[in-house]
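Below: one structure, written as structure tokens.
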Amino acid sequence: MTEKPSIDSDEDRTWLGEGQSETQLASVDGPDGVEANDEDRPAWDSKIQYVLAQVGFSVGLGNVWRFPYLCHQNGGGAFMLLYVFLLLVVGVPLFFMELAAGQSIRQGSIGVWKHISPKLAGIGYSSCVVCFYVALYYNVIIAWSLFYMGNSFQYPLPWHQCPIDVNTNDTVKECASSSPTSYFWFRKALNITNSIEESGEFNPIMTGCLLAAWAIVSLAMIKGIKSSARVMYFSSVFPYVVLFIFLIRGLLLDGAMEGITYMFYPKLEIWGNVQVWRQAATQVFFALGLGYGSVIAYSSYNPVHNNCHRDALMVSGINFMTSVLASLVVFVVLGFRAKTIALRCHWWPWFNISDPSSVSIGEYREWYSHYSSMVGPNITDCSLEEEMSKGVEGTGLAFIAFTEVMALFPASPFWSTLFFLMLLNLGLSTMFGTMQGILTPLMDNFSLLGRHRTKLTVCSCALGFVIGLLFTQRSGNYFVTMFDDYSATLPLIIVVIFETISVAWVYGTDRFLDDIEVMLKWRPPVVYKYLWKYVCVFAMVGLLAASFLRMVFKGPTYTAWNQETASEKTLAYPGWSLAMIVLLIVFASLPVPVGYIHSMLQNRRLQHGHSEERAVFHFVINIVDNPISVINGTSKALKVCSSTAIIMSPSTSIF
């Protein structure tokens, strides 16, 4: 990796490739490792650019709508303590490992693992495939944010109330049976089908938004880190400004304290639940962006002596604090929403639904004649605790729950625009890192692509848009759910397992710590040796087993919107969808064994070629050392050959 003191023992000399000095590190399998050209490699203009890029990539939409939901469902403060524990013993060591590997070797994910051993190059290719999967559906979420932001420039907001059916002059039944925000999301924005089996036509508005999203990414990435880094100054910082503004506004709302209390109240019994440990470990894993190759790509543009250990602690800490900040914002808003719904229930016209015994039969019949069409999904027990217990995550939090609350704010278009601009920037900063995880390894390992950076970027984005049209069908949301749940989870865990084994067992933790010592001018604590060799490997294998068993025994399912009942229901994926899920996982994982087999076959061919070269080599050495004996031996051989030729000549008759 980096230069380090000479290796003196004969055993250690075997790690060196032919033709290399003893102070120059080679790959484990010889001289096939990739050597970086430091002079031509781009670099960050400043340390702040690099930190913003890493923070922007790791802090994404999951911090806003996934982490708060997990806290909500898994014991609040108890889940946070568990998350911090796993972050320190698994997340930070793995994050530090990727930072150090990228900065030391100064290559993308393919080059890094190929440098350690050519047999491991497939790890980098798997990372590229997963990055492409994620980019496909992640940009669809950015397109949705663009759509909502565009619809925020009007008053009242279009999801403020239910529309009127022009045929009956009544409220649209689907909206009346659900809510204005749910109706706008499922019917106006997505125009969604009842299941994944009903594909439906393309949504032209969403197709246009997706094209705009890919155009933004392409323009920001077209000049590499030089262009994307400038955008990072805004896209990475702006979300924090918005989160603090929303927190201050939310703390002034009625019900905010109830929401915060609900968030931090610890339920320590959840520590005995294996599924809670699995969810916490998965969140740590994805929150830091491990396995994508983007962390490696960004760190490869650093100076060799940059303090990557401090960067690992700083970025991980910022990531966690961002999750806590986002959770505060979400819970104060959900607390206000829950209290508003509870009060609306208590002030329901004609009588209080939570206490039917308080009204007369006549009043009930009169009420029922007016509101019978709304009875059913809208009945509630008017309990604030009950409303707070309803977990909301993902698109349901951003495009339904939050939009409902913002419609109640004074100057609601301003708050709505601010919120969706924040989502847009969170998504873009993550997309930049994801695309960097694709482009950097390809340009590092294929010189032709490296010479045509602009064309590669544009073609990659164009391909992403074309394939992304799958998500702009009326059933597109179900495919987004499929990709989000299954395309990256298992392959990324497999990638990180092989990464850790490569560093800890193939390359060796002591040698890796030696390389880091050369970079940092001090040696990291020895605890990292045991965390990498044992704790991280066993933790990731356990996470892989738990995720796989859960998928097998629970079965892949998705949540579908039913237009007739105006409600969501859980459905099992049909057979062809299950086949698609399996293919996504296999295609992303396949490069690891394929790369190993390819390298083995290549080594065999090289060894066969080397044996022929060695025979010629020994012959030449003999000529140099003892030319007389070689000449005599050669002349004798020629006499024998000529005699044989005379005997076998057609012109000579033996009769």
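Glycine is treated like the rest: Cβ placed from N, Cα and C.
The Cβ of GLY56 (Na(+) binding site) has 28 neighbouring Cβ atoms from other residues within 10 Å, across all protein chains displayed. According to TrEMBL, the Na(+) binding site annotation covers GLY56, VAL59, ASN63, ASN319, LEU426.
Annotated compositional bias 'Basic and acidic residues' per TrEMBL: 1-15, in sequence order.
Marked as region 'Disordered' by TrEMBL: 1-40.
Summarising the annotation, TrEMBL assigns transmembrane segment to 50-68 (among others).
What TrEMBL records for 80-101 (among others) is transmembrane segment.
The transmembrane segment annotation in TrEMBL covers 122-147 (among others).
TrEMBL lists 205-225 (among others) with the feature transmembrane segment. Within the same chain, residues 42, 44, 49, 53, 139-140, 142-144, 146-147, 150, 189-190, 231, 298, 301, 428, 431-432, 435-436, 439, 453-454, 457-458, 461-462, 464-465, 468-469, 471-472, 476 sit at least 6 positions outside the transmembrane segment (205-225) and bring their C-beta atoms closer than 8 Å to a C-beta of that stretch.
Here TrEMBL flags 237-260 (among others) as transmembrane segment.
Per TrEMBL, transmembrane segment is recorded for 280-301 (among others).
The annotation transmembrane segment is assigned in TrEMBL to 313-334 (among others).
Proximity of distant same-chain residues to the transmembrane segment (414-435), defined by a Cβ-Cβ separation under 8 Å and at least 6 residues beyond the stretch ends, is recorded for 53-54, 56-61, 63-64, 131, 134-135, 138-139, 141-142, 145-146, 148-149, 152-153, 157, 216-217, 220-221, 228, 231-232, 234-236, 238-239, 242-243, 245-246, 249, 289, 292, 294, 297-298, 398, 402-403, 406-407, 457, 460-461. The feature transmembrane segment is assigned by TrEMBL to 414-435 (among others).
Annotated transmembrane segment per TrEMBL: 456-476 (among others), in sequence order.
Residues or ranges marked as transmembrane segment by TrEMBL: 488-509 (among others).
Per TrEMBL, transmembrane segment is recorded for 530-553 (among others).
As annotated by TrEMBL, transmembrane segment applies to 573-597 (among others).
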Given the transmembrane segment (237-260), its same-chain partners at Cβ distance under 8 Å and 6+ residues beyond its ends are 52, 59, 322, 325-326, 328-329, 331-340, 384, 388, 409, 415, 418-419, 421-422, 425-426, 429
Beyond a gap of at least 6 residues from its ends, the CB atoms lying under 8 Å from the transmembrane segment (80-101) belong to 1, 71, 112, 266, 270-271, 276-277, 280-281, 283-285, 287-288, 290, 295-296, 299, 308-309, 311-313, 315-316, 320, 324, 496, 499-500, 503, 512, 515-516, 519, 524, 528, 531-532, 535-536, 539-540
VAL59 (Na(+) binding site) -> DSSP, reduced to three states, gives coil
What other residues of this chain sit with their CB within 8 A of the center of the CB atoms of GLY56, VAL59, ASN63, ASN319, LEU426, the recorded Na(+) site? VAL55, PHE57, SER58, GLY60, SER236, PRO239, THR322, SER429, THR430
What count of other C-beta atoms do you get within 10 angstroms of the C-beta of LEU426 (Na(+) binding site), across all chains shown? 29
Spell out yes or no: are there three or more C-beta pairs under 8 angstroms between the transmembrane segment (488-509) and the transmembrane segment (530-553), with each pair 6 or more apart in sequence? yes
Who are the long-range neighbours of the transmembrane segment (50-68) in its own chain, taking Cβ under 8 Å and residues 6 or more past its ends? 44, 141, 225, 228-229, 232-233, 235-237, 239, 263, 283, 286-289, 294-295, 298-299, 301-302, 311, 314-315, 318-319, 322-323, 326-327, 330-331, 393-395, 397-398, 423, 426-427, 429-430, 432-434, 436
As a test: from 280-301, 530-553, 573-597, pick the stretch that has the greatest number of Cβ pairs under 8 Å with the transmembrane segment (313-334). 280-301
Sequence-remote partners of the transmembrane segment (530-553) [C-beta within less than 8 Å, at least six residues beyond its ends]: 86, 89-90, 93-94, 97, 274-275, 278, 281-282, 285, 486, 489-490, 493-494, 496-497, 500-501, 503-505, 509, 512
